[in-house]
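**Student:** Sending over a structure as structure tokens; questions will come in a sec.
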Amino acid sequence: MAAEHAPGHSHSPSAPGQDEQSHSHRGSLLDDPERMPIPSALVPHHVAIIMDGNGRWAAQRGLDRLHGHQQGTSNIRRITHTAGRLGIKYLTLWAFSTENWSRPEAEVQGILRILANAIVTETEELHRQGARLWHIGELDALEPELRQSVRDAIALTEHNTALTLTLAFNYGGRREILHAVRRMVLDEVPADEITEESFRQRLYAPSLPDADLIIRTSGEFRMSNFLLWQGAYAEFYFSPKFWPDFGPDDLVEAVVDYSRRERRFGALTAAGLKQ
């Protein structure tokens, strides 16, 4: 874990309108190579985002929490587009956790409606951009109509290769690990054949690579049960901004920060070996 690599800025989440104004005045980092010094070899292959702070974003503006979730869902399109432009090949977004069911019923149903509508309305645009949609989580526990919408979107985009967008929906990291263990028991895997690879093959999406960079918005410093297996050696970046305010330049800044780190995967660096 690399919590000590949190971004240097630690200001509080911005006031309404502040981010939009600052972005419009300074222009996009994507359009200014001198402000975005990221060699393609240093761009993370798999970026995962804990999209946190929708409700607090709405409360800060005196709005209903569902308005925050709607705004947060709308932000997915521009962040996905930016990820594609950066050359990120896998983008995983945590949309709804297994723990979220404990929230008030009205909020839960509202979130599900917003996400269901987004899947229907955004799939064609994702397909046009060459993005492939995946899902991790317990799909069978969702309502039939939503379940079918997700499956239809996955089927439509399955041959696309520009970027793989994985929605972690009704997802929990511990639940995923239990899912894999149960499958190994059902498959009667002998003890001497239990390996990291055989275990990975029984996760929700075996082809999903380990996360290189995990971003969490809203200023919280927790994993919150997200990608516990795939995030074992991920770098972490914590943004103080609520998810609806986390824009393209913020993603670029997170990737730039990542590109300046030296990943060790538990080993010493060459410099460390000399000490």
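Cβ coordinates are placed from backbone N, Cα and C, and glycine is handled just like the others.
Any TrEMBL annotation is an automated prediction that lacks curation.
Quick paste of what TrEMBL says about this protein:
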ACT_SITE  Asp52  active site
ACT_SITE  Asn100  active site, proton acceptor
BINDING   Asp52, Glu235  Mg(2+) binding site
BINDING   53-57, Arg65, His69, 97-99, Trp101, Arg103, Arg216, 222-224  substrate binding site
COMPBIAS  20-35  compositional bias 'Basic and acidic residues'
REGION    1-37  region 'Disordered'
**Student:** Between Trp57 (substrate binding site) and Asn100 (active site, proton acceptor), how many Å separate their Cα atoms?
**Tutor:** 18
**Student:** Select the closest residue to Arg216 (substrate binding site) from the following recorded positions, measuring between CA atoms: Asp52, Asn100, Glu235.
**Tutor:** Asp52
**Student:** Reduce the DSSP letter at the residue listed as 'active site, proton acceptor' to three states and note it down.
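**Tutor:** Its secondary structure by DSSP: helix.
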**Student:** Could you state the whole-number distance in Å separating the C-alpha atoms of His69 (substrate binding site) and Asp52 (active site)?
**Tutor:** 10
**Student:** At the level of the C-alpha atoms, what whole-angstrom distance separates Thr98 (substrate binding site) and Glu235 (Mg(2+) binding site)?
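**Tutor:** With the alpha carbons as reference points, the distance is 24 Å.
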**Student:** Which one is it, among the binding-site residues Trp101, Met223, Glu235, that lies nearest to Asp52 (active site) by Cα separation?
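**Tutor:** Closest recorded candidate to Asp52 (active site) by Cα: Met223.
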**Student:** Distance check, please: Cα of the residue listed as 'active site, proton acceptor' against Cα of Gly53 (substrate binding site), rounded to an integer number of angstrom.
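**Tutor:** Per the Cα atoms, the residue listed as 'active site, proton acceptor' and Gly53 (substrate binding site) stand 13 Å apart.
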**Student:** Could you tell me which of these binding-site residues, Trp57, Trp101, has the greatest number of Cβ atoms within 10 Å of its own Cβ?
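**Tutor:** Per the Cβ count, the most surrounded site is Trp57.
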**Student:** Could you find out if DSSP has Glu235 (Mg(2+) binding site) as helix, strand or coil?
**Tutor:** strand
